[in-house]
């Protein structure tokens, strides 16, 4: 007992000192502190109709950067959505990585700490996935909240007809006029724009790490976008297709998680390119920009138009020159992942001791790989669980209770 | 049909006229492309799941659940313990974001999108029959927040097709991909806010039995865009008086002749009248009155115009066959067979429309497509209309082919004819070719624009930089084109007259050649008219 306490304390001190050094030296991960919002104030208990509550919470306040606070203030209701998104990202990450050595564990929320632990300080694959999935989740959650009507500001303001000069002064009247004239645009677009503003706040494209974060954040959003499905309805003469209206359908988040996991497996390692934001690779740059078209039309189009291009219009160079340069939907990293086998307090890795494994699998969840060759303990356990369930809308799950003997393998 | 203005118009004047019409046409395209927004807009509304603690009171007309209800999180299985399907009411308030509907937005279509998740142990049916218990209410901007007024309610069946994504083996909580479900169609958007309360009840008889675990229900609403309605109505308001003026002018001209109007002249007038009926900007009334029948009326107006136009084409081809056969050529009775195709087609479409949109006047949730009998009925009407359209086109092609054949025969013997006779036939051929050209161009533009609009709608509209609103441009363009087509027909096919200022050479009392009774001994007057034509031809 005492020993554990001591280790925990040592661990904490180690972490704190490391964090201290880290933030001082590189300032990395500061743009990602908002992840902490997931654990703050238990947003599930908050009604989406009282958006002010979360904002007031000081623990939330501490996780946000100045700009993020401003965004939250200007878009009431958005913080609840961001918090939901962050939770969704954590659940999805833990689901996707349930069978791997690194299982996306999160730490108890402590102020000034990163939610996913020190792994985020490394520019490795896992970090790439975390950034992508959180960015995607914010996009998804904000778009969903818009459809719910929970965010008032995702209305017609940023929609079509940007050429039409907005009558300055009474924006509310202008908004109503716009809505009457041409309807409201997609919520999903607002989700993208908001995610760009909110998630990418801390990253300024100054070094490779920030480029990596920006790229992965973009990749997450691109996955949301590419998974959208179009639905159409004909409502012309006699219901014929002389008039057809289409809209985009938000994909289920599980699909995005699956796709990002695939990209994780095939992530590209990149390196510092001397050329920086150069225009050497023009053809590719153009292509990249084109596919990012929607995003380049940002909320603050006029003001940040130039800087934005600068921020996103870069091309990372593959580590292995034989490989293709990473595409907009690929995840990128530049450091090899640390071993996740042993507990590593410096990186906040818990190790695979005590994890369950599958002795028949030859994959990452197999006992050989999972336990890193340390061997495993096998136990027979009596399990009582629900089985042969049949589901009936709405609330009826008829199950049998099965009593089975299960063999459980646990890593030493 | 006697000699028309078209034949007697000089080449220069004709080209000026055509140029003016083309400019009008291009203006119509540009108005749609640069001023109007897209024809219709949509909104996806995520419904709130409300706990209805007194489900047996669901059908009460003054009891409405709003977003401020006790909401349930469907993902939380614990929350649903002990509840019944009737306790879950999906609530959607239209529109979102504190906006309110404008009457310019004309009508409202609601489409459901049900996101389901797979639960292990669930049977996977690809076709699921839904039973939806739904009711609609409305509220005015000036009413208090909770004063919802009953609009309509119904219990309807729908089918939805679902499949698991990418044929993966079913895993717990993996999403289904389901088709959308049309829910309601409101012919008038008279009120400011609408509220939908809907539930998916279950009973012992297998109602909603195949339904999976519902994650979210989205209600997608489609309305016309106010801006598009405004542009559209302005076009109508411009076209309508112009058309009336041209028709009055045309009919006066016909009556000035010392003969009874020819069949084609009657027909041109009828086409003009139906177009005027289509052009009346009746929609202005919807800004003040609640007119849910506007959708149906709009369909009927379009249908009547198409029927008249199609009849005009076939009779025009028939009248230009250049066969002098019967004395009663100048009557509709000759064309009964050709016209019956149009009649049957239009009637079956009308009946179908009355069955669908007519019933929707009383029950906006109604759809003919949901029951097997209804589907068969609707399909049979549509197939009947399709068959008659096919028959019509075969007839039309046959008659045009025959006319062209006659024309080529006549053309080969033209040099051997007397001058008068030759000029007469040349006039007819010229008229016929002109209309054929104009019609083919218009029809081709219509078909191409229809295809283009399908493509324009189908592609992702992520490209914000595109300023041109393609589908609106095509709508206004095609609409303008048919108006201009009819204008041109009325003007150019009006009987040429002695008072026609261009025909100065024509002589003071130049009378026209009657097509059906071609005089073999031409009087001097006719000669003067025809020589003028001849001189014009030689000048060209």
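Glycine is treated like the rest: Cβ placed from N, Cα and C.
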TrEMBL annotation of transmembrane segment - which of the ranges B:231-251, B:504-524 it falls on: B:231-251
Residues flagged as transmembrane segment in TrEMBL, choosing from B:285-303, B:304-322: B:304-322
Among B:231-251, B:263-284, B:377-401, stretch most in contact with the transmembrane segment (B:304-322) (C-beta, under 8 angstroms): B:263-284
Recorded stretch, among B:14-36, B:377-401, B:472-494, maximising Cβ pairs under 8 Å relative to the transmembrane segment (B:263-284): B:472-494
Stretch in B:231-251, B:334-352, B:377-401 most in contact with the transmembrane segment (B:472-494), if contact is a CB pair under 8 A: B:231-251
Highest-contact recorded stretch vs the transmembrane segment (B:231-251), from B:14-36, B:334-352, B:377-401, CB pairs under 8 Å: B:14-36
Chain residues outside the transmembrane segment (B:428-452) and at least six past its termini with a C-beta under 8 angstroms from it: 1, 4, 6-7, 313, 316, 320, 322, 400, 403, 407, 410-411, 470, 474, 477-478, 481-482, 485, 488-489, 492-493, 515
Rounded mean pLDDT for the residues that make up the domain 'Wntless GOLD' (B:49-223): 83
